[in-house]
Amino acid sequence: MTGKKRSASSSRWLQEHFSDKYVLQAQKKGLRSRAWFKLDEIQQSDKLFKPGMTIVDLGAAPGGWSQYAVTQIGGQGRIIACDLLPMDPIVGVDFLQGDFRDELVLKALLERVGDSKVQVVMSDMAPNMCGTPAVDIPRSMYLVELALEMSRDVLAPGGSFVVKVFQGEGFEEYLKEIRSLFAKVKVRKPDSSRARSREVYIVATGRK
């Protein structure tokens, strides 16, 4: 019975995925993923990126966000990206493969950032979902807390933080914490984010 349910669920997901207009557009444009469009929508509304910026990209693979951001920051900008999964090279992106939760990986990431502060920390990290909110939400909240901690360590005053969060237990407390650290905080649900998904994007600007 369980196998049939998983098979049906997987079939629905695949059908939805390959008929998704943003997936089709991404394939047509040669983009790494549909996530490119989510960040584009956020940039249109919140103007996070400017030429010459330094950015940290967490949960970067397969590279949709980094691929978009390099078009906004130009040749003088720099992106330090990290993911557990491999990612094909992108010009202007310094990629570190490893588990962000591992202290050695975190140390290596901070070494790549160096002494200079960054202007944007962005996180599209998500755990491997099992479909049970009581398990998935705490796993997700742990990752977004780590991303926020990273932003505290490396963001310059006035810097920005954008993070994918799955709504559920702990969301309001997390949002409150971010509001204490940034001058302006918005919760975005891009059109390119699937309607039935719990995901939203917190966009925080003006690091205090």
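A Cβ is built for glycine as well, from the same backbone N, Cα and C atoms used for every other residue.
Since we're looking at a predicted model, the values are computed, not measured.
According to Swiss-Prot, the feature active site, proton acceptor maps to Lys164. In the three-state DSSP scheme, Lys164 (active site, proton acceptor) is classed as strand. Around the Cβ of Lys164 (active site, proton acceptor), the number of neighbouring Cβ atoms within 10 Å comes to 24.
According to DSSP, Asp99 (S-adenosyl-L-methionine binding site) sits in a coil region rather than a helix or strand. What Swiss-Prot lists as S-adenosyl-L-methionine binding site is Gly63, Trp65, Asp83, Asp99, Asp124.
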Let me check the 10 A CB neighbour count of Asp99 (S-adenosyl-L-methionine binding site). How many other CB atoms are there? 12
The number of other Cβ atoms within 10 Å of the Cβ of Asp124 (S-adenosyl-L-methionine binding site), counted over all protein chains shown, is 23
Expressed in angstrom and rounded to a whole number, the S-adenosyl-L-methionine site built from Gly63, Trp65, Asp83, Asp99, Asp124 spans a maximum Cα-Cα distance of 18
Taking the Cβ of Trp65 (S-adenosyl-L-methionine binding site) as the reference point, list residues of the same chain whose Cβ is under 8 angstroms away and which are at least six residues distant in sequence. Ala35, Trp36, Leu39, Asp57, Met122, Asp124
